[in-house]
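J.: Next up is a structure, given as C-alpha cells.
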Amino acid sequence: MAADNTSVIEFILTGLTNHPELQIPLFFLFLGFYTVTIMGNLGLITLIGLNSHLHIPMYFFLFNLSFIDFSFSTAIIPKMLMSFVSKKNIISYAGCMTQLFFFCFFVFSESFILSAMAYDRYVAICKPLLYTVTMSPQVCLLLSLGVYGMGVFGAMAHTGNIVFLTFCAGNIVNHYMCDILPLLELSCSSSYINVLVVFIVVTIGIGMPIVAIFISYGFILASIFHIRSTEGRSKAFNTCSSHIIAVSLFFGSGAFMYLKPPSVLPLEQGKVSSLFYTIVVPMFNPLIYSLRNKDVKFALKKTLRRITFS
C-alpha cells in the first residue's frame with residue numbers, strides 16, 4: 001500500500017518542542033501523566049469489575065470509558081515519550097497509519113460513549129420507574145456496539161482519506177503523533193475534497209454526540225426543575241456533574257482543534273491544544289468520576305479492606 005500511494009516509507013515526528021533543555025523535564029512530566037492515566041483507568045476498571053453493586057448501566061459505560069481512555073493514551077504517549085529522548089523520532093509509514101487509525105477510533109469511541117452516558121442519565125432521572133427495562137443488558141450492549149461501530153467508521157474514513165494521498169514534499173511531521181491535519185499539510189496531493197472529508201467526518205464525530213447530549217440534558221434540566229425538594233435537585237445535579245465536566249473538557253478541546261481553519265489555529269498551537277484531549281482528558285476522567293462519586297469511593301474502601309484482611 002505504501003509503495004503505490006507514496007514515495008515516503010517513514011516519517012520523522014518533530015515532537016512537542018525543539019528546545020533541547022526542555023526535553024528531559026518534559027519526558028518525566030508526561031511519563032508522570034501517563035502513569036497516573038494508566039493507574040487511574042485500570043484502577044476504575046478493576047473496581048467496577050470486582051464490586052457487584054457497580055454492575056449497573058451507569059458503571060458499564062464508565063467501564064468502557066476507562067477502557068477507551070487507557071487504550072487512547074497507550075496509542076499516543078509511548079511514542080511521544082520517545083521524541084524527548086531520541087535525536088530522530090522515526091515512525092514507519094505503516095506505523096504512522098496504524099497510529100492514526102487507532103487515534104481516530106478512540107476519539108470517535110469516546111465521543112459516542114459520552115453521549116451514551118448522557119442518555120443513561122436522562123433515563124435514570126426522567127424515567128426512573130422504567131430505568132431497569134429501558135437500560136436492559138441488551139440495550140446497553142447495543143449502545144456499546146454502536147459506540148465502537150462509530151469508532152470504526154471514523155477511523156476508516158480518516159485513515160482512508162490519508163492513505164490515498166501522496167507524500168513527496170518531505171517526511172517531517174510537525175507533531176508528536178500522526179494526526180490528520182499535519183499529514184494533510186505534508187502531502188503534495190491534498191485537495192479541497194480531502195479537507196472537506198475531514199471536516200464532515202469530524203462534524204459527525206463531534207456534532208452528533210453533542211446534539212444527543214444537549215437533548216438529553218435539556219430533558220434532564222426540565223425534569224430537575226419539577227423536583228420540589230432541594231435535596232432531590234441536589235442529588236440529580238450531583239449525578240450529572242462528573243459527566244458534564246468530562247464532556248466539557250473533551251468536546252471543548254476537540255472542537256477548538258478541528259473545527260477551526262488552520263489560518264485561525266496554526267499547527268504549532270494545535271499541538272499544544274491537542275494535549276488536552278489526548279493526555280489531559282484521559283488522565284482526569286477517572287479522577288473526576290472517582291473523587292465526585294460516593295459509590296466509587298465506597299467500592300475503593302471495600303476493595304482496600306479486602307486486600308488488608310487477606
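Each Cβ is built from the backbone N, Cα and C atoms, and glycine gets one as well.
In case it's useful when we look at the structure, here is the feature table from TrEMBL:
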DOMAIN    40-289  domain 'G-protein coupled receptors family 1 profile'
TRANSMEM  26-50  transmembrane segment
TRANSMEM  56-78  transmembrane segment
TRANSMEM  90-109  transmembrane segment
TRANSMEM  129-150  transmembrane segment
TRANSMEM  162-184  transmembrane segment
TRANSMEM  196-224  transmembrane segment
TRANSMEM  236-259  transmembrane segment
TRANSMEM  274-291  transmembrane segment
J.: So if I exclude everything within five residues of the ends of the transmembrane segment (196-224), which remaining residues of that chain have a CB under 8 angstroms from its CBs? That is, six or more out.
T.: 107-108, 111-112, 114-115, 118-119, 121-122, 125-126, 150, 154, 157-158, 161, 180-181, 184, 233, 236-237, 240, 244, 247, 251, 254-255, 258-259
J.: Counting only residues 6+ away from its ends, which parts of the chain sit with a Cβ under 8 Å from the transmembrane segment (90-109)?
T.: 1-2, 6, 8-13, 68, 71-72, 75-76, 79, 147-148, 150-159, 162-163, 173, 177-180, 183, 205, 254, 277-278
J.: Hey, which bits of the same chain come close to the transmembrane segment (129-150), Cβ under 8 Å, at least six residues off its ends?
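T.: Answer is 57, 60-61, 64, 108-109, 111-113, 116, 119-120, 123, 205.
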